[in-house]
Amino acid sequence: MSCDGDQHTMQSSDDVLPPPGDIQVLLLTLDSVSLSWSSPQGLTGPQTFRVTWGCDGETSSTRVKDVYHLKISSLRPGEKYQFNVATEGEDGRQSRWVSASISTVVTPRDLKVDHLEETSFTLHWSKAEGMEKVPQRFFISNCIPGTDPLTAVTDDCHKNFSNLHPGTEYTVSVATVLSNGEQSEPVSSTICTILPAPDQLTVDSVDTTSAAVSWSQPPGLDHTQHHYKISYCCPGIKPHITTTSSPSITLCDLKPATEYSVTVCTVLENGKQSQLVLTTFTTVLPAPDQLTVDLVDTTSAVVSWSQPPGLGQTQHQYLISYHCPGTEPHITTTSSPSITLSGLQCGTQYSVTVCTVLENGKQSQLVSTTFTTILPAPDQLTVDSVDTTSADVCWNQPPGLDQTQHHYQISYHCPGTEVHITTTSSPSITLSDLQCGTQYSVTVCTVLENGKQSRLVSTTLTTKHLQWWKRPSTVAAVFVLLAVIMGLWDSYATSERDHLQNSLNTRTTERDQLQTSYNTPTKERDQLQTSYNTPTKERDRLQISYNTLTKERDQLQNSLNTWTTERDQLQNSLNTRTTERDQLQTSYNTPTKERDQLQNSYNTPTKERDQLQISYNTLTKERDQLQNSLNTWTTERDQLQNSLNTRTTERDQLQTSYNTLTKERDQLQTSYNTLTKERDQLQSSLNTRTTEIDKLKKSLNTTTMERDQLQKEIERLNWENKGKCVQRAHLFICFLIHSFCS
């Protein structure tokens with residue numbers, strides 16, 4: 001339909017009657033047109049109108065009475081017609097003419113979109129009904145609202161649009177153009193290109209309580225402001241929603257051994273979202289920690305471990321497997337973090353593995369350790385009989401070795417000699433070639449075929465002395481030897497007394513030197529004690545500062561958690577308001593479509609037009625109200641967004657303060673550790689010096705005692721030396737007489 005808008009009035013011969021209102025086109029087809037006009041101003045009652053129309057010199061005319069509309073048929077398609085309307089009186093008088101030029105060109109129909117993608121789409125339409133065989137072309141215009149349109153002309157009933165922006169609304173219009181240049185009204189449609197979703201959504205790494213998720217940036221968004229909305233949840237839990245501008249994110253505070261579903265979509269600045277892409281992952285089941293073997297006996301061992309983190313509210317147990325080389329593993333379960341393994345072989349190495357097991361059978365990684373049971377030592381080591389040069393030693397066989405090849409290793413020695421080592425497979429042995437009247441230390445241990453030894457058990461024995469006095473010849477030789485010794489003693493005692501006097505003087509000098517040496521370390525010890533007290537005070541001050549900073553850090557952490565909670569609440573409110581805004585936008589679009597339909601139906605007769613006008617006004621008011629509500633919600637959303645940004649900034653500032661205090665705390669901790677090490681070194685030095693002082697004091701006391709003993713010995717020898725000469729001579733004579741008589 002085309003109306004040139006060149007409506008004008010034509011002056012009649014008698015300008016008395018008022019003219020009708022402007023001509024309106026209610027409906028236009030290929031060979032007909034429905035016109036309407038309004039009532040002349042100032043006239044009441046029934047009115048008569050003269051209507052004329054013509055094309056290429058051919059003119060037709062008709063008269064209508066008491067109506068303000070007329071349908072004219074049998075028109076030629078694709079021609080431009082001139083329509084005139086004038087008020088006509090009963091006496092034949094006419095008002096001036098009201099005119100309009102209209103072309104019988106109909107708009108295309110069945111406008112639809114095909115192959116809609118991120119940067120292109122194809123538009124199809126059909127020729128107007130009845131104009132399928134009429135030569136025609138189509139004038140196409142497309143644009144982003146607020147920009148200059150791009151136009152094209154085609155003979156086909158389809159057009160492909162490419163190199164478009166993703167997620168953008170385009171307004172496309174198509175009009176029919178005949179070969180004579182006549183053009184219809186355009187038919188329009190709004191088309192939005194697809195916003196591409198993130199590509200290649202993958203889970204890079206999964207831990208017990210976190211997971212790293214990444215994706216590829218959608219194509220065509222290099223110069224478009226956008227971000228990504230991530231939602232993740234486990235079954236039965238409300239989804240967690242977060243956003244990021246980078247193509248990766250680390251999800252934290254997850255539950256161990258739990259399956260999570262993650263969805264990611266692209267979001268533009270206007271709130272438009274792409275399709276969701278989905279993936280799933282399962283967090284790792286944590287394995288037991290700090291696996292240790294606490295108590296190992298000959299046939300049992302206690303194995304313990306720490307409960308894995310994050311399983312406080314999750315039903316689980318532990319699967320334990322243990323074996324020695326060449327045997328089948330023993331498998332058992334327990335719900336406590338420790339177990340006693342019994343019925344083991346003594347002196348054998350065992351491998352133990354432990355893993356966490358959930359109720360659904362899912363197992364964690366294995367943690368393992370090894371231990372070796374104790375090889376039992378011989379029991380009740382006793383010495384049965386002792387002679388001057390031999391001794392019998394026996395013991396009981398260790399328990400649990402009846403079926404195990406083993407022997408015993410025996411070592412024995414006396415002070416100042418090398419150790420004699422021998423072996424035996426029986427629980428007793430006879431030690432020979434011993435020295436008479438000598439104490440021996442004897443140790444025995446169990447030895448397996450692989451060389452493994454038990455702990456040592458030991459005892460002592462003393463061989464018997466030789467009884468020389470029962471032989472006369474031996475007694476005579478002893479008395480002769482004693483006479484010679486007593487004869488030599490006089491000369492030796494004098495020299496020994498002089499030697500002891502010199503030793504006394506030497507020890508006195510050494511004692512004085514030791515006293516001086518003792519005084520010097522004592523002073524150094526006092527200095528070290530003073531140096532030790534100073535770092536200790538500094539350490540205490542640093543400890544107080546460290547505790548204060550730790551409390552401030554905890555307060556800042558609590559404030560950070562509070563702000564984070566409020567930010568999440570604001571984010572939820574923002575999401576709620578955004579959803580309500582989208583619903584209002586949908587509600588707004590619906591009345592707009594109805595308004596457009598009503599506008600198309602407006603080209604019906606006048607009464608229907610008035611009713612549609614009322615409906616149109618009502619819907620327009622509703623649309624305006626919805627638009628106001630939408631604007632209100634948008635303002636509130638922006639305020640919430642500003643509050644969210646403010647809280648996020650405050651949280652970041654608190655995080656920065658928290659990090660700064662943490663660094664200061666670490667520096668204080670380092671200084672505290674350094675001073676503690678220096679204090680320990682000074683304490684070690686102090687202990688070393690104290691030990692040296694104690695040793696020097698003992699040496700001084702020993703030397704003093706030796707000097708006193710030497711002094712007493714010298715005095716005793718001086719008194720005894722005078723009287724022993726006569727006694728020795730007398731004893732020697734008696735010995736000679738006795739020997740001669742014998």
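Residue 1 is the first one shown; counting continues down the chain.
Cβ atoms here come from the backbone N, Cα and C positions, even for glycine.
The annotation domain 'Fibronectin type-III' is assigned in TrEMBL to 19-110 (among others).
Residues annotated as domain 'Fibronectin type-III' in TrEMBL: 197-287 (among others). Over the domain 'Fibronectin type-III' (197-287) the predicted model carries a mean pLDDT of 90.
Residues or ranges marked as domain 'Fibronectin type-III' in TrEMBL: 288-376 (among others).
Here the domain 'Fibronectin type-III' (377-466) is broken down by DSSP into helix, strand and coil counts: 0 helix, 48 strand, 42 coil. The domain 'Fibronectin type-III' annotation in TrEMBL covers 377-466 (among others).
TrEMBL lists 501-540 (among others) with the feature region 'Disordered'.
With a threshold of 8 Å between CB atoms, the same-chain residues lying at least 6 positions outside the compositional bias 'Polar residues' (559-577) that come near it are 241, 633, 636-637, 640-641, 643-644, 647-648, 650-651, 654-655, 658. For 559-577, the entry in TrEMBL reads compositional bias 'Polar residues'.
Residues annotated as region 'Disordered' in TrEMBL: 559-608 (among others).
Among the features that TrEMBL reports, coiled coil is placed at 609-720.
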Do any residues, 6 or more residues outside the region 'Disordered' (501-540), come within under 8 Å Cβ-to-Cβ of it, and if so which ones?
672, 675-676, 678-679, 682-683, 685-686, 689-690, 692-693, 696-697, 699-700, 703-704, 706-707, 710-711, 714
Secondary structure content, the domain 'Fibronectin type-III' (288-376) (per DSSP, counts of residues):
0 helix, 48 strand, 41 coil
Per DSSP, how many helix, strand and coil residues does the compositional bias 'Polar residues' (559-577) have?
19 helix, 0 strand, 0 coil
